[in-house]
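These features come from Swiss-Prot:
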type	residues	note
BINDING	G10, A11, G12, K13, G14, T15, R127, R199	ATP binding site
BINDING	T31, R36, D57, L58, V59, G85, F86, P87, R88, Q92, R160, R171	AMP binding site
BINDING	C130, C133, C150, D153	Zn(2+) binding site
REGION	30-59	region 'NMP'
REGION	126-163	region 'LID'
Amino acid sequence: MNLILMGLPGAGKGTQAAKINEKYNIPHISTGDMFRLAIKEGTELGKKAKEFMDQGDLVPDEVTVGIVKERLAMDDCANGFLLDGFPRTTRQAEELQNLLSDLGKSIDYVIHVDVPEEKLVERLTGRRICPTCGTAYHVVYNPPKEEGICDKDGSQLIQRDDDQPETVKNRLAVNIEQTQPLLDFYQDKGYLVKVNGDRDINVVFQDIESILEKK
């Protein structure tokens, strides 16, 4: 089963990826993990990626696609994979189609965990972090016992700059602009399935299971 998981920040994509990985035993492959592995193993492409990353530059498509191809050719992907964070553009999506064809593979589903923008803003702006131990809370979904205070060590909880309302709205706007052409691409190919992510995480996963059981 070869899957791509898509969703905006705060949609709960990471949670669903972990559940898919656990139930179906297919590797959850994120772009960051792929880069780290290639750099750690000292592959030619890993060295090239490191050069760009060390300079704070974006890694070019040809290097990224090469690293993806190396990763998908590994033994643990023989029975499937779950891609997360790649592709990010329609050009990368086209390159992925080509490299999968070279490997004798194809995509089964592109699962889009869809959550209304206002809900994403609520989820992201409600996050609070303990600066001492790193424990994460949410003012609505996972509040501390005492408002604004960490349950574990009594530290004053903080809101990260990234989670300020204006920053969150800007980040979502950029992501929506980048993601829509990709969703259209996979819709046209017949791979795209949308799952309503604005529900309990177990209910969302049941929907994903019902899609995957059809395969």
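Glycine is no exception: its Cβ is also placed from the backbone N, Cα and C atoms.
This view paints the features noted in Swiss-Prot onto the structure.
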residue : record              : CB count, 10 Å
G10     : ATP binding site    : 23
T15     : ATP binding site    : 15
T31     : AMP binding site    : 18
D57     : AMP binding site    : 9
F86     : AMP binding site    : 21
R127    : ATP binding site    : 20
C130    : Zn(2+) binding site : 20
C133    : Zn(2+) binding site : 11
C150    : Zn(2+) binding site : 22
R199    : ATP binding site    : 14
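In this structure, of the binding-site residues K13, R88, R160, the smallest number of CB atoms within 10 A of the CB marks R160. The Cβ of D153 (Zn(2+) binding site) has 11 neighbouring Cβ atoms from other residues within 10 Å, across all protein chains displayed. Summarising the environment of G12 (ATP binding site), the number of other Cβ atoms within 10 Å of its Cβ, over all protein chains shown, is 18. Note: G14 (ATP binding site) has non-local neighbours D84, i.e. same-chain residues 6+ apart with C-beta under 8 A of its own C-beta. Long-range Cβ contacts of V59 (AMP binding site) within its own chain (separation 6+, distance under 8 Å): F35, K48, A49, F52, M53. R127 (ATP binding site) falls within a strand when secondary structure is assigned with DSSP. A separation of roughly 14 Å, to the nearest angstrom, links the Cα atoms of T31 (AMP binding site) and K13 (ATP binding site). Cβ neighbours within 10 Å of A11 (ATP binding site), excluding its own Cβ and spanning all shown chains: 23. In this record, ATP is bound by G10, A11, G12, K13, G14, T15, R127, R199; the longest C-alpha to C-alpha distance in that set is 18 Å.
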